[in-house]
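Annotated features, as they stand in TrEMBL:
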{"type": "DOMAIN", "residues": "198-628", "note": "domain 'Anoctamin transmembrane'"}
{"type": "TRANSMEM", "residues": "208-232", "note": "transmembrane segment"}
{"type": "TRANSMEM", "residues": "238-256", "note": "transmembrane segment"}
{"type": "TRANSMEM", "residues": "309-334", "note": "transmembrane segment"}
{"type": "TRANSMEM", "residues": "346-367", "note": "transmembrane segment"}
{"type": "TRANSMEM", "residues": "394-413", "note": "transmembrane segment"}
{"type": "TRANSMEM", "residues": "502-525", "note": "transmembrane segment"}
{"type": "TRANSMEM", "residues": "559-581", "note": "transmembrane segment"}
{"type": "TRANSMEM", "residues": "593-615", "note": "transmembrane segment"}
Amino acid sequence: MMDKSEIRKRVLEDKKKHHNYIPPTYFIIQFSNKIKAETIEWLTNKIKTDREQGGAELQVRKQPILETQKHNVTIHISADSERLLELAQELDVKKIDKISHPYEFTYHDFIPSEDKLTTAEKQVLVRHELENIRALLHETYIPGYPDKHLYEGQSILSAYLYHGLVKQVFPLHDMTALLKLRSVWHFSLFNKQPYEEIRSYFGESVTLYFQFLGFYTAFLTLPMMLGFFQWFVAPDSVAFFCIINIIGAAIFLEVWQRKCTELAFIWGTISMASSLDDPRPNFIGVMGKDVVTERLQPQSPRWKTNVKMYCVSFPLVFLCMIGGFIVMLASFWIEDLLKSYPDLPWFIYYVPSSVYAAMIYVMNMFYRQLANFLTEWENHRTQSQFDRHRVTKLVPFEFVNNFMSLFYIAFIYQDMDMLKYQLATLLIILQFINNIQEAVLPVVIQYYKKKKADAIRESPPLLSECLLDVEELDPHDPQVIQAEEECRMEPYEDPYDDYLELFVQFGYVFLFSSISPMAAFWAVLNNIFEIWTDSFKLCYLHQRPMARRVKDTGAWQRAFQTLCTISIMTNCALFALSPALKSMAPAMSPVEWVLLFVGIEHLLLFIKQILHFAIPDKPDWVRIALAKIGYQSTKALKKQRLENRRLRKISEFLPNKESLKID
C-alpha cells in the first residue's frame with residue numbers, strides 16, 4: 001500500500017500533466033456590501049490555510065465585480081482531487097458495488113481520479129470543511145469588529161452569517177449535470193422518476209422526498225378508485241370503503257418504513273447514528289472532548305436545552321394553538337352572522353370560508369418562522385435533533401390550524417353537508433395556493449431582484465482593497481455569469497415544507513374519508529402536478545440545495561403514524577353520528593351504539609398494531625447483508641489484534657524496537 005508521500009507525488013505528477021485544469025466551483029460565498037476588507041481577508045485565509053493551522057485547505061478564487069453587480073465581494077470555493085478523496089475517506093463515504101452493497105471508500109483506491117464521487121458527495125465534503133472552520137482559543141472576536149465575539153470552537157462561517165457579514169452561502173449548480181438531469185426528469189413527466197440521477201445531483205434528502213411523494217401518490221390510487229366506485233356504484237357502502245382506506249393507510253406507512261431501510265442500505269446511510277453526528281454549525285457550546293469519539297467538539301449541557309423547551313417553547317406553541325382556535329371560532333361566528341341576512345348576494349356567504357382558508361396559509365407561514373426560531377434558540381446539538389424538535393413543534397399547530405375547524409363542524413355542529421363543503425374548500429384552495437407559491441412566486445422574486453440590481457450601479461472600491469493574492473476569475477468564465485444569476489435566486493433549504501404539505505393533505509384525505517371519498521382524487525391530481533412543480537423549482541427557480549445524507553424521513557414518519565391513528569378514531573366517531581347507520585339498528589340504545597363503535601375503533605387500532613409487528617422494518621436480504629457486514633467487521637478486528645500481538649512479540653527480540661510499525 002502506498003504511503004501519503006507517494007500518493008501526493010502521483011497527484012502532483014497528474015497535475016503537471018493537466019496544468020491548465022481548474023477545479024469547478026462547488027460553493028459561492030457572497031459577502032455583505034458593508035463588510036470591512038480585513039474581515040474578508042481573515043475568512044478567506046482561513047479557507048485556504050492548512051487544517052493543521054485551523055483552516056479548511058480549500059481553493060479560493062474571487063469573482064470580478066461586473067457593471068451590473070452591486071457592491072458585494074463574491075468568492076468561489078473549490079477543491080482538487082486529492083483533497084476530495086482525503087475527505088471522502090475521513091468522513092467514511094460509502095460507495096455501491098455491482099450488487100448494490102455499500103463498501104467503505106478508501107483514499108488509495110481512486111487516486112488520482114475523483115470520478116467515483118458524485119456532485120452531491122463533493123458538495124457535502126466541501127461544505128463539511130467550510131462549516132468546521134472553527135475559532136481557536138486566541139481568536140476571541142471577528143477581525144474588524146471587536147464587538148462581535150467568538151468563543152473557542154465556534155463555526156466561523158456561521159458567525160459571519162449570524163452577524164450579517166456574509167450575505168449568502170450556496171452551492172453552485174453544475175450545469176452539465178443539471179442539463180442532463182432536466183432532460184430525463186423534468187421533460188419526462190409521465191415516466192418513472194430518475195431517482196438515482198436525482199440522488200447523484202441533489203443528495204439523499206431531496207431524493208428521499210421524491211421517493212416518498214411517488215410512493216404516496218401510487219398508494220393514493222387505491223383510495224381514489226375505491227372513492228369513484230363508492231360514489232358512482234355503491235353510495236351506501238361508506239363504512240366498508242372507509243375501513244379499507246384506513247387499513248390501507250396503515251399498511252402504506254409500514255411498507256414505506258421498510259422501503260426507507262432498503263434505500264438507506266443501498267445508499268450506505270443505514271449505519272448513520274444521530275448521536276455521533278458532527279455538531280451543527282450553529283450549535284453553541286464550550287470545546288471539550290467527546291466521550292464517544294474522543295474528538296474535541298463543542299459541548300453544552302442538555303438541561304439548558306430542556307429548560308428552554310419546556311419553560312418557553314412549549315407554552316408558546318400552546319398559545320399559538322389557542323390563537324388558531326380563536327380565529328376558527330371567529331370565522332364560524334361571522335358565517336352565522338351573515339346567514340341572518342338572507343338578502344345578501346349568494347357569494348357573500350362563501351367569503352368567511354375562503355378568507356379562513358387564506359388565513360390558515362398566512363398563519364402557517366408565520367408559525368413556521370416561529371418554530372424555526374425557537375428550535376434554533378434551544379441549541380440542539382445535531383441536525384437530526386434539530387429537525388425532530390422542529391417537526392414536534394410544527395405538527396400540533398398545523399393540526400389545530402388545518403383540521404380543528406373540521407372537528408368543530410363534525411362533532412359540535414354535526415352538520416355533515418357543511419363538513420363536506422369545508423373539507424373541499426380547504427383541500428382545493430390550500431393546494432392551489434401552495435402550487436402557485438412554488439411555481440410563480442420564485443419567478444416574481446427573481447425578476448424583482450434583477451430589476452433592483454440593475455437599478456443600483458455602484459463602483460466597487462472594496463475589491464481593490466482586499467484579496468490581492470487571490471486569483472481572479474475571467475469575467476467571461478461561464479461560472480462568473482452563472483454565479484451572478486444564482487445569487488438572485490431564492491434558496492431551497494430542504495424538503496421540510498414539502499413534507500408538511502403532504503402531511504396536511506394526508507390528514508384531509510384520511511381523517512374524514514367517510515365524508516369525502518373523492519378527496520383522494522384531488523390529492524392524486526395535486527401530487528402529479530406537485531412532482532412537476534417541485535422538479536421545476538429545483539432545476540430552474542431555486543439555488544441548488546445543500547445536499548444532506550439521511551436514512552429515513554425521521555420525525556415525519558411518526559407524524560404520519562400519529563395522523564393515521566387519529567383517523568381511525570375520527571372515522572369511527574363519524575360512523576356513530578351517521579343517521580343512515582343508526583337507522584340500521586333502531587333497537588340499540590345510545591349507550592349501546594357508542595359502545596359498539598368504541599369496540600370497532602379498538603379493533604381497528606389492534607389491527608394497526610398487528611400490522612406494525614407483522615411487517616418488519618428490515619427486509620430479509622438487508623438483515624442478512626447487515627449481519628454479514630457485522631461478522632466480517634468483527635473477524636477483521638480480531639485478525640488485526642492478533643497481528644498486532646504477533647508484531648509486539650517479535651519486536652521484543654529485535655535490537656531496534658522501532659523497526660516495526662504497529663497500528
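These residue numbers are counts, starting from 1, taken along the chain as shown.
Cβ coordinates are placed from backbone N, Cα and C, and glycine is handled just like the others.
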Interface check, the transmembrane segment (502-525) with the transmembrane segment (208-232), three or more C-beta pairs under 8 A: yes
Sequence-remote partners of the transmembrane segment (238-256) [C-beta within less than 8 Å, at least six residues beyond its ends]: 212, 215-216, 219, 222-223, 226-227, 229-230, 506, 510, 513-514, 517, 520, 553, 557, 560-561, 564, 567-568, 571, 575, 578, 580-581, 604, 607-608, 611-612, 615
Beyond the flanks of the transmembrane segment (346-367) by 6 or more, those residues with Cβ under 8 Å of it: 320, 323-324, 327-328, 331-332, 334-335, 338-339, 394, 397-398, 401-402, 405, 421-422, 425-426, 429-430, 433-434
Annotated stretches the transmembrane segment (309-334) and the transmembrane segment (394-413) touching (3 or more Cβ pairs under 8 Å): yes
